[in-house]
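Noted in TrEMBL for the protein shown:
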REGION    42-88  region 'Disordered'
COMPBIAS  45-64  compositional bias 'Basic and acidic residues'
COMPBIAS  69-84  compositional bias 'Polar residues'
BINDING   Q371, E421, D607  S-adenosyl-L-methionine binding site
DOMAIN    392-454  domain 'Methyltransferase'
COMPBIAS  472-491  compositional bias 'Polar residues'
REGION    472-546  region 'Disordered'
COMPBIAS  500-546  compositional bias 'Basic and acidic residues'
ACT_SITE  C635  active site
ACT_SITE  C635  active site, nucleophile
REGION    653-685  region 'Disordered'
Amino acid sequence: MVMQGILYATAKKKKGMTVGFVTFESVEQLTHAVQVLKENPSGGKEIKISDANRRSHQKVRAEGHVANGTATENGSNPATTAGETSAPEVVASSKKSARDAVTPLAHMPYNDQLEHKKHSMAQILKRLTRNARKACPPAIPLPNWIFKSKEIGGLPCKLEGILESPIVDGYRNKCEFSVGYSLEGKKTVGFMLGNFREGVTAVEEPVNCPNVSEISCKYAQMFQDFLQSSSLPLWSRVDNCGFWRQFTVREGRCPAEAVVLQHVESQISEVMLIVQVCSTDVDEALMKEEFDKLSTALIQGASTCSPPLPLTTIVVQDHKGISNAAPADCPLIPLLVPKGDQLEGRAEDKTRIHDHISNLKFSISPTAFFQVNTLAAERLYTLAGDWANLNSDTLLFDVCCGTGTIGLTLAHRVGMVVGIEMNESAVSDAHRNALINGIKNCRFVCGKAEDVIGSLLTEYLGSPQQHIAASESNSVINDTSKNEDTINCTESDVENMDSSAEKNDNGENEQPRDGSVDLHTCGDEDIKGDSVDRVNKEADSSPDEHIEAVVEQSCGEASLINDEPTDAISTDSLEHGKTCQDSSSIQNNNVLAASACQFKNVVAIVDPPRVGLHPTVIKALRMHPLIRRLVYISCNPDSLVANAIELCTPTSEKQEKNKGNRGWRSMSAAGLARQRTKSMPNSEPFIPKRAMAVDLFPHTSHCEMVMLFER
C-alpha cells in the first residue's frame, strides 16, 4: 500500500487513540517512511516513531523480515529496525512485572500506603473546592462552606481519615485475568504489563501479586496449561480477532463470624469460573469439543490439588465486541451447574455462588457487581449507614444498588429501601438475597437510574413542584414550616396542593380508577409497560429455591411492607403463578404509596460506576426538596468531584441554555460539570459535610471515598 509516498503493508489506528500501528514489508520501507515523516510532519505536528512491542512468536511465524513501527504525535525518536532484539517498549515492559503493573504500592508498608492514599484524596477534595468556586454564578454570594475551606487547608469539608482494609493480602474475591502472549511468546493467563494505548499488549503470569488469592492463581495456571494444547487461537487486541479472550475467577466466602483473618483463603467455600470467548467464524462442533476438554481439565485440576480446590460452577461468556467489557445481556453458556441449583431458565439462573456481608447471605450471578473486598465492604456500608443517620422513620433510596448489598445490609435500620439497578441479573440477585435473608422492607427496580429516578421520587414523595407549592402556601400561615423535612400526608397538606386533580395519599395525581397505574418493576420490558413471565420451575428444587422462583415470577418485586406482604407476592400469585396484572399493580402501588407517607426522613445512598452519576440523576436528587441527606460512595474520586460540583453549586435565577458547542470534547469532567451548573434549575444546593477514605484495594493506588452531603 502507498500513502503520501510511504510504502507499507498494514496500518491500524483505533478511534480516540493517539497511537497507530504500521507494519512494513522490509527494513528499507521502514527507513524510508521514517525519513518522509521527519521531513513532512502530519498537520504540522511532530510524530514520535518507535518499534512496536513485537513478540518472538510473531517473528517465528513471519516468513521473512518484517519491521513494525509505532507512530505517535508530538516528539521524535528514531525507529528500531527489525533486526534488533528489543524495542524501547519491550525493554520497558521486560523490566516491569505483573506485580508492578497490578499492585504498584506493594513495595510500601501498609501504613505508608494508607498515608499516601489519604494525601491523594485530600488533593482531590481541594480540587472540588476550587472548581465549585469557579462554578458559582458571579451575582450569587459564595456558599459558607467555600469560605470556611480556607480554615481547613482548602478542603470542602473535613477529611476524617482513612479506614484500613481488615485483610491486606489475597483479598480480591474477583480476579479478571487477561489472555495473551508473554514477551517470550508463550500463551499466558495473567495481567497485561501496560496499556494498549501505549502499544503494550504483553501478558505475564500473576506471580507474587499480593492482592490475588492462591486459589485464583492456581485456576489461572490450569487454564494457561489448557491453552497450550488448544486448537483455537487467543484473542488479538491488535487485530480484534481470536477465540479465547479472558478468564475470571469469582470466590464466595463463609459468614463473617467464621472468617479468621490470618487464614482467609481457607474460608473460600465457593468458586465460579467465567471464560470469555468470541465464537465468530468458529465451528460449533469444534467449540463444543474444546469446552468439554476445558471442563474436564478444570474439574480434574481442582480435585487433584492438595487440598482440593472448591469449584461450584463454570460458565462461558460469548462476547463478540472489541473491548473485553461485555454487555450485561451477553450470552452465557453453563458448563458446570451447581448442585441443587439446576433451575430451568436463563443461564445466570443456573450458575451462581454466594458470599456474606454483615452475616447476610448474598447470591451472585456471573455478571452482577459485588465489591471485590468483602470484609472491607462491610466496613464501608456500616460507615455509609452511620453517616446517613438512619432510623425506623427513614425511606432509603439505594441508587445503583447492584445485587442489593447496601440496601439489604441497612434494611434493619430503616423503614423501607427502594433500590435502582440497570443490570437485570443483579436485580434478580437482589430479589433472591432479600428472600434468602428474610428481609421484607425492600423493593428493587430494574432500569437505568436516569430513566426511572424521576418517576420513583414522584411515586413515593410526590412531585417537587407540589412540595414547593405546599411550602409556599404554608409559609403564609406559619413561617416555621419553611424548614419542614417531614413527608406530610394529611388532608390539609393535600388541599394545599393542586386542587384541580384528585390526589392519592402520597400527594401525587391519582390515576383514573378504571385504568392501570404504571408501577416500575424488575425488568426493562416491565418498565416499558409490558408483562414478562420470569417463571423458573424446578422439580427437585429446595423450598427456598421454589420461593425464589415464585417471587421472580411475580414481577420480581421483593416488597413486603411492615411485615405484611404486598399483592406482588399475594396468595393468588403463589398458587396460580400470575404475573402482575393491572388490578394488583394498582393495589400494590397504593400500599407502597400509603406506606411511604409514614416516613419522616428521606435519604439517598449512591454507589455509581466509575463514570459517576448521570446528570439527569443529579438533577432529580437535587430538585426534590424532601431529600435532605445524600451519602455518595465513589470508586473514582474524579467523577465524585464532577458530581459534587453539580450538587453543591448555587444556581442563579436565570439559567443558561446549553449552547451545544464542541468545546466539551476537550473539557475535563469537572469543567463539564461547571458548564452544566449554568443550566441547573433554581434549587437548594447540598453542602459537603464529611469525607472519609476507605481502602478496599490494598497495594494499588485505588481507594473508595465516602462523602456526606446535606442541606
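Placed from the backbone N, Cα and C atoms, the Cβ positions cover glycine too.
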Legend entry - Q371, E421, D607 excluded, remaining Cβ within 8 Å of their centroid (S-adenosyl-L-methionine): F369, F370, C400, C401, G402, T403, T405, I406, I633
Legend entry - Residue with minimal Cβ packing [other Cβ atoms within 10 Å] among the binding-site residues E421, D607: D607
Inset, instruction - For the residue listed as 'active site' and Q371 (S-adenosyl-L-methionine binding site), determine the Cα separation and express it in whole Å. - result: 10
Inset, instruction - Tell me the Cβ neighbour count for the residue listed as 'active site', meaning other Cβ atoms within 10 Å of its Cβ, over all protein chains shown. - result: 18
Inset, instruction - Give the number of CB atoms, excluding that of Q371 (S-adenosyl-L-methionine binding site) itself, located within 10 Å of its CB. - result: 24
Inset, instruction - List the helix, strand and coil residue totals of the domain 'Methyltransferase' (392-454) as derived from DSSP. - result: 28 helix, 18 strand, 17 coil
Inset, instruction - Mind looking up the mean pLDDT for the domain 'Methyltransferase' (392-454) in the predicted model? - result: 95
Legend entry - S-adenosyl-L-methionine binding residues Q371, E421, D607: largest Cα-Cα distance, in Å and rounded to whole number: 15
